[in-house]
Every structure is written in structure tokens, then in C-alpha cells.
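S.K.: The structure follows.
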């Protein structure tokens, strides 16, 4: 393997540019999601919100994804800048595993949030008394399991004694492992989109119910808080569909069509991964922009409490609105 052969499908300049995009994404993701997690740990009021544990688990997955993006970038840039083509299959696979592990965790938690919202708008009164923390713990455990599937796919049937043709996860694992990974991720996006389309439809029905003056004041306040939370999480899912679901699903059809396999492996696949990784950095912006109640917590954290004390006990309805 030499430079001419390795960069035959994508010139070295564009290759370096593409791989460098991971670095700022990783840094922003680590900083932003670390802030969210520290805020979640520090402020009791925020932890008591219905969806707080789900959002914290999603941020944890995004944090791993961001750290993994930096690992990928440094590993791939080391090959291009130092002209080191003596890479091993183990190096090429496991330099990408942290990023893929985080992506799978984030996918699973986004699905969990969608299911949580579907239950909230389908039966809001039963949702009001459910054990949200237990649901979040189960969802988090499932997300860890989904991440571990990447480890299985990364090692199953792999001959670590032979180097791959390119230093990429997709060309280093077994073809069946790649097909399972791509197909599974391509299916998750449309499922989340369908669930959330149902959520929006049902939420509109509840909005008509409350605007018609049905129910007492406490019920209206609870439903209003849930509606605000659904609005914020809807924006989160819309961003997910644009940056994650659509690229993964389109890439699956592109791969099945076998359109320019070398170009796909060298350019389309990395750009897809960059868009998916970028979602981990954007989610923090969605939290801060969409939630008028979470912003004071972040501001208070960043200013070392100089903006005033936070974290006092909150009522059920206030807790429900903490992420609204």
C-alpha cells in the first residue's frame, strides 16, 4: 500500500478536509454534553423533570459519540499526514468503535424519547403516575446493549492478522456485519419518524381538548406542561431525522444500488458519519434554544451561581415543564 493507491478514489486534500471535520464536532459535543450532564447532576429541580433522565442518557451517548469522533479524526489524519500505511485491522476497527458505540446509544435513547412522548400524549393521566426513572434506566440499559452490538459486529469473524484495503470500519469488518449495522440503523430512523408523526397528531387532539375548556385547572396545567415538553422534544427528533435518520436510510439504498463502491467507501460513508456525529453537538443547542426553563440552569452553572440560586423543590407540573 502506498499514497497513490490509497488516495486513488479521493485525493489526499479532500480526504484530510473530510477527516478534519470530526475534530470541531467532537470538541463541541464534549463541551456541550458535559455541561448538560453536570447541570443535570447539580440541580435537583432539573433531575425531577419527567424526561430529565432520558435527556441525560441521550447526552451521555452524545458525549461518547463526540469523543469517538476525535479518535476517528486523529487515526485517519495520522495515516494521511504521516504517510503511515502500515495500519492493522484492529487499529482501523477500534479507532471507530467509540464513535459508533455512542451513535447506537443515541439512536436507542432517541427511540426511547419518542416512545415516552407517544405514551404521554396517548394516556397523559397514566403517564403522570408512571415511574419515569425506571423507564429511563431500562432505556439506558438497552442503549448500552445496542452499543455492545457494535463490539460484536466489530469482532465477529474478523481476521485481525490481515490488513484491510482501507483504514475504515466498514472495510475492516465482515460484509455481513456491515450489512446488519447499516440495515438496522436505516430502519430505526423511519420508525422514530412514524412514532413522532403519531405523537404530533395526538398532541393536536389534546390541544383541542384543552382549548375547548374541558377538564379542571390542574389537568389543563399538566397537559399544557406536557405539550411544551413535547414541542421541545419534537425539535430534537426533527434534527435527528435530518442529520441521522435521513443519511443512514439514504446510504442504505445507495449501498444496495452498488453505485460507485469505491467513491461510496471513500467519500459518501465518511460524510454520512460526520452528519450523524454532528447531531451529537447540535442536540445541546436544541435544549438551550427550545427550553426557556433549562437555560437558567445552564447560565447559573456557567456563571458559578452568580445569577441566583436554583434547585429548590418543584411541584409535579413544574417538574414536567422543566425541559419545556
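Residue numbers in this text run from 1 along the chain shown.
From the backbone N, Cα and C atoms, a Cβ is placed for every residue, glycine too.
All annotation found in TrEMBL is predicted automatically rather than curated by experts.
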S.K.: According to TrEMBL, which listed range is transmembrane segment: 87-103, 104-120?
M.R.: 87-103
S.K.: I'm a bit unsure how to read this: which one of 20-41, 87-103, 138-158, 236-256 has the highest number of Cβ pairs shorter than 8 Å with the transmembrane segment (178-201)?
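M.R.: By Cβ pairs under 8 Å, 236-256 leads among 20-41, 87-103, 138-158, 236-256.
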S.K.: Restricting attention to the domain 'G-protein coupled receptors family 1 profile' (32-287), give the mean pLDDT.
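M.R.: The average pLDDT of the model in the domain 'G-protein coupled receptors family 1 profile' (32-287) works out to 85.
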